[in-house]
């Protein structure tokens, strides 16, 4: 290993202690292992039956718990100090095919309040019994510990329960020892295994994903974010593998078990005091690259050896250092650790995880190969790295007390990830792309009556499935949007100063969101910024009630009003708000291109005489979409905006050109403006070359495609879009010298994809011939793919849609042989583009075979298929027929379940489909898990789609038909 791999010799003495303890460690673990071998089928049955009930499943726990172990929250009687954990993952299966890990743990804790009960989280662990009990207890410093009276596993609430004969004494310290075996499953949670092939050889690695509630699957622990402690980890692993954890390792030692196995024991330095969900450890045979020796912070990028040898980690290594430096300056606090390991895993459920000192990633979020990866892949790597590094301070150093404030961690990291990425890639204009990537999309979700506030009450977020349900776009993207808005009206500098004070005050501690408001208020006061109310009073209206307002400005009178914006105005909001769904709204605006002073709308209605306009003037509000609200105008101002777009669109800021389109389409869906007005905002696109307006139009026209691609409206609509995209197609053909060069500008590279995608789907002359010829050339020479990485998704999809089984099978073969995750992901999507139903059905079946499609990709693949109008009914039938299997084998608490329901039902727009949804809800009421809220949103959205179609189908058909005949 490289020199930077080891802790300095200052702590070498600890290695002696570790070596002495190794023999006892291995003997204990070997006994467990021998017991496991002798039990054969008995152990798996025990290990797998002692599980928590699936989310939504009826359990024995009463709705009003009477006993402490029937409650999902830990009592405040005990507080952990440190853990000493030793784990031994078996990277080869037992004769029955089961992979296991064994281990033992000692937790040192203080008794805060006298109690005769120990509750510690445990899930799916099989314990060694000591004199009939699951654990051993002893007091520290010579005191005596009470005798154990009774112990058992409380499966519904995931506790190991220990009743004592006498109470623990307040102020005293104790140690609890447990020894256990668990399954090293492929379920992507807790301590799990990942599999991949290298040179035809199956490789197994052991890794972790603890957030939010799966540390308890690896070892017994007080598994709540406020129960911070120091962790001392030891991993036992085969020769030829390396062990990683949050801290630097001491020098590994060779050991031999009583039954003759030669292994390595690697121990790690103590972690900083931190939450259980941030713990990580990996056993693998990966390679790595690292920062220069002598660097203040050791940075290492770990991945499959082939990926490292091919240079796929170089971009991540290049950008990690500068992003860390940016955040050190932004927070005004040094990076708290000595190293930053980042590892790309073949199987990983989320995009990445901010484990302190050992960040885990999907391969697509960390690895980049310029020969085959697109600019979108590169941007994803930069923003995900930035997001995770932002957490090293905000989330890790300072952690929210409970999951109800998850939005603060994730929303903040999402917002500042764009600042970090913008710093390291200044030509990309990332601070603007947050509007497209986060804000516009989440506004559609937050406009539903079934949305939820950013911050929930603690009492409403108790069960693991409740916590998992919070990992949604509201938490991440709306959280980012409202923090961006706050940063805008108090200024970024003041925002940064307030953050620095917050982090300094609460480092290594836990907080609630009010603690951040308090520090930001101090920064505001220090800067002399005048606000109409305190930061807390203003922001509470944005985080404690769901939704956002539509602000209507009448430019003839200067009257301004606000109203809770609902995509379906007939939907019923049955969740009361103490603020009556009114907000304190910071309105930025321009009049005929000139910026005006910000105006605060503090009541339901107000009047600002400055917002009246003259005969030749026009007004646009919410400049650069810094505010989280939509804007409507009187018809006269709308007409003037449309005229300006048609005659001089560049006079309007580019983000606001996108905003005008998005606001108009959503206002039309809410029946506030006419659908023809919304469609009219796209007329200028034949002269538009910028990405943001085109991408916004694409997303909104996609809704029309979803609603009409099975009806007679589709033809005229395609004709209209063809008319608008043809100039863009020709522009990029010229700009790229007949598609042979890559545009220099980052967003031009994106917009080239729009030109090609719309061009081929609407029949622009020469487009399909181009893509099928490129694909055919690749099929003829599979080892030499000349298709530009930026265009591959579109080209693959177009060619597979035009082709048949030969093209599909070729793409499937290339997917199976892909060694670069981003390339595999492109093919995974493109395979869903076929128009052959039998191929789509076969593809759906592959989704339930992990050796064909990894579990982490299954729900995405089903959604891709559902995005195909031919595949949508097939996908819906498939998940209904297989829901029980999907739910039980792909994790009822999985964050992707909500996306699955949303994706498969987004086309629903008929009474028949609505009734099918209701029936699905009734049939699966007890096993919806984290998809429950998404199902409610799907029902609401389907109703809104039905109403919208009834009102607009003929009108839209006539409008598109008339527009085709118009002269551009």
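Each Cβ is built from the backbone N, Cα and C atoms, and glycine gets one as well.
Just so you know, TrEMBL annotations never went through curation; they're auto-generated.
Residue 388 (active site, proton acceptor) is surrounded by 28 other CB atoms, counting those within 10 A of its CB over all protein chains shown. Residues or ranges marked as active site, proton acceptor in TrEMBL: 388.
Take the CB of residue 410 (Zn(2+) binding site) and look out to 10 A: across all protein chains shown you find 24 other CB atoms. Taken from TrEMBL, the feature Zn(2+) binding site covers 387, 391, 410.
As annotated by TrEMBL, coiled coil applies to 918-945.
Marked as compositional bias 'Low complexity' by TrEMBL: 41-62.
Among the features that TrEMBL reports, domain 'Aminopeptidase N-like N-terminal' is placed at 80-278.
Residues or ranges marked as domain 'Peptidase M1 membrane alanine aminopeptidase' by TrEMBL: 315-542.
Residues annotated as domain 'ERAP1-like C-terminal' in TrEMBL: 618-943.
For 40-69, the entry in TrEMBL reads region 'Disordered'.
Long-range C-beta contacts of residue 476 (site 'Transition state stabilizer'), restricted to its own chain and to partners at least six residues apart, with a cutoff below 8 Å, comprise 407, 410, 411, 414, 438, 442. What TrEMBL records for 476 is site 'Transition state stabilizer'.
Non-local neighbourhood of residue 387 (Zn(2+) binding site): 352, 354, 413, 414, 417, each in the same chain, at least six residues away, with C-beta under 8 Å from its C-beta.
Counting every protein chain shown, the Cβ of residue 391 (Zn(2+) binding site) has 25 other Cβ atoms within 10 Å. Residues belonging to the domain 'Aminopeptidase N-like N-terminal' (80-278) score a mean pLDDT of 96 in the model.
Listed in sequence order, the residues 354, 388, 390, 394, 395, 409, 412, 413, 414, 417 complete the 8 Å Cβ shell around the Zn(2+) site centroid, once 387, 391, 410 themselves are left out.
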